[in-house]
C-alpha cells in the first residue's frame, strides 16, 4: 500500500531487485507465458480493465522495460550478446559508482539468512515495543545528563589531536568496524523479526574503515510501512543503545584504555548517526525511512528527474511530454530536496577531507589527504559533466532549445557568478578573548628563597606596599648573623685602636685601615639586610592580583627530584624554592581593563588597528560589549592562558609544548588588545568569551578560494 493505493511488489531473487507494479502492469506481467501474442495481451487487458484501452506501442514500451529490468527473457536470436552487454554495462556503472563515492565503497559478501535465523530467538526481543520504550527512555536520560553537565562533559574531553593521534587509528578503526557490524545486524534482525528476509551481508569501506553492510531490501515486500520504517531505523536504534551505555561507562570510569574505548564508541555512534545514517539527504538509513514514510519509491531519482525537467522546460524552453510516474504535487519541495542533497553531499565530502587533512598533517601525510580530496571531488563533479555531455550529444536536442531562454539563463547565471566573485559582503573573524587589567605590573621574587607564607590569592585587591608573600632563605639569615658579628668585632677593635692611638701615634695607620674594614662589613651587612627585607614581597602598585602562567609538572629523567608546579600563589607550593627571576604574580588596576584577543595566524593579516569588535563573555551570554582594536602584536604567542585552553573549557585549541611543558595554541596565534571603558558592566578581570572582529568586507568567491587554499594549502 503506497499513498492509499495498492501495488504489487515483484522480487527478483537472483539479483535481489524489487519492482512495483500497478494492477494493470501486474496483469500484463502474469500473461507473459512465452506463447501469448500482443493481440491476446491487448484483448485481455481491455476486457479486464474496461473501458481502458492500450496500444501496441504502449505494450512494446512496457515489455522493453521488463526486458531491460531482467524480469523477462526473449527467445529471439542474439539475446546472449545483449545480455552480456547489459551485464558489462551494469558492472561498469557499479565501478564508476564506487569511484564516485570512495568514502562508502561496497563489496558483496555472504547470505546471512542462516545466521539471522539463529540470532533471532536470542536477540529479537530488543526490537519489541517494551524494549523500544526502555532504550529510547534510557537514551533521553543520557542526553539530559550530558546537557545538564555540559561544561564538565566538555572539560573531560581530550583535544582533537590527542583523540585522533596516530597510535589510536588502528584501535578506532577496529572499534568502528565492530560498531558498524552491530549496526548492520540491527537492520537484519529487525527485518527478520517482522517477517522479511536478508540474503546479502557484504563488506564495506566507510571512510576507509572496514565494516559490514546488510541489504534489507526485502522489507519492501512488507505491506505495513511502519514496519519498513522500523527496519530502516534498526541500525541507528542499536547505535543509540551502544552510545547510551558507553556514555555512562565513560563518565564513571577512570582514564585508560577502557575509558577511551567508551568515549570512542560514544563518538562513533553519535557522529555517524547525525552526519550519515539519520540524514535523509544521503542514501543511508534516513533516506529509506523518509521514502517509506512518504510512500514514494525511488525518491531521489524522482526528485532529481523533477528538477531536471523543470530546468529543461524553464531555462532551455524544451517541450517535454508529461511523465505519469513523476510526482504531480509539491514539485517545488522535490526540487529543493535534490538541491539540498547535492549541497549536503558537498558538505560531507568537504568535512571528511578537512578531517583527513587535520589528522594526517602532523605526520607529514597531507599528500594522502589531497589525493582523497581529488578523487572525492572528482566523483561529485564527473557525473554532472557526463550527464551534460550526453544531453548535448543527443541528436536533435540542441535544435529544440529556445535561444531566448538559453540567453536569459546564461545572463542570470553570469550575474550570479559575478556577484559571488566580486560583491563584497561584511566579513567577521571569531576568536577567543580574556579580560585582563591594562598594562599589569609583574612582581618577581627578586631574592632567591623558599615560600614561607602567601598572603593573597588571585582576584584580591591590594594597595601599594601591602605584603603579598614571605620567603625565607636560611643562607641569607646565617650570612646576616655572621656579618653582624663581624661588624660588632670590627667596631670593638676600632674603638680599642682609637683609645691606644692617643698614647701611640704609630697606630694611626692601623686605625684608618680598621675603619675602612668596619665600613666594608657594615655595607655588606646592610646589603644582606636589604636582601632579607626583599624576602617580604610587597605590592609595587595598587590593583588586583593576577596569577602568573602555571608552571607545568615536570618529571626529570636524570634522577633529580621534581620541582614545584602550578602557581606560586597555590598553597600546595609552600616551601617551594623561588629564583631571583621567578614571577610571583601580576598586579593590574581593575578600573582599567582590556580584552586580549587570541587571533589565528591565518586571520592576523586581515585585521588592523581600529577594527570594531563585539565581545560576548561566556559568563554573560546575553550581553554584548563593543570596542576597537588598539594594538595588534606581530610576535607569536609562546604560551596560552590556562583559562582559554580547550582543556579548561575555553575556546582555544591548545597542546602541551614538549620543550617547556606550557600550554600553547595548536596553530600559531597572535594577540590583539581591545581597551574597555573604565565602567564596563558585565566585564570583570578573568572573564573569557568569544570576540567577533569586523574586518574589511570580502566577496563570497574570495572566502571560498581562501577556504580551499587554507584547507588544501595549494602552492602555485
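Note: Cβ is positioned from N, Cα and C throughout, glycine not excepted.
Residues annotated as domain 'CzcB-like barrel-sandwich hybrid' in TrEMBL: 443-546.
What TrEMBL records for 543-569 is region 'Disordered'.
Taken from TrEMBL, the feature transmembrane segment covers 122-148 (among others). Sequence-distant contacts of the transmembrane segment (122-148) (same chain, six or more residues past either end, CB-CB distance under 8 Å): 189-190, 192-193, 230, 234, 237-238, 240-241, 243-244, 247-248, 251.
Marked as transmembrane segment by TrEMBL: 229-251 (among others). Cβ atoms under 8 Å from those of the transmembrane segment (229-251) belong to residues 126-127, 132, 135-136, 138-139, 142, 145-146, 179, 182-187, 189-191, 194, 196, 214, 216, 219, 222, 258-259, 262-263, 265-266, 269-270, 272-273, 277-278, 285, 288-289, 292-293 of the same chain, restricted to positions at least 6 beyond its ends.
Residues annotated as transmembrane segment in TrEMBL: 257-278 (among others).
What TrEMBL lists as transmembrane segment is 332-355 (among others).
As annotated by TrEMBL, transmembrane segment applies to 367-386 (among others).
Residues or ranges marked as transmembrane segment in TrEMBL: 406-427 (among others).
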Per the Cβ under 8 Å criterion, with at least 6 residues separating them from its ends, the transmembrane segment (406-427) contacts 315-317, 606, 694-703
Other parts of the chain folded back onto the transmembrane segment (257-278), taken as Cβ under 8 Å at six or more residues beyond its ends: 157-158, 163, 168, 171-172, 175-176, 179-180, 183, 235-236, 239-240, 242-243, 246-247, 249-250, 284-286, 348, 351
Residue counts in helix (H, G, I), strand (E, B) and coil for the domain 'CzcB-like barrel-sandwich hybrid' (443-546), per DSSP? 56 helix, 23 strand, 25 coil
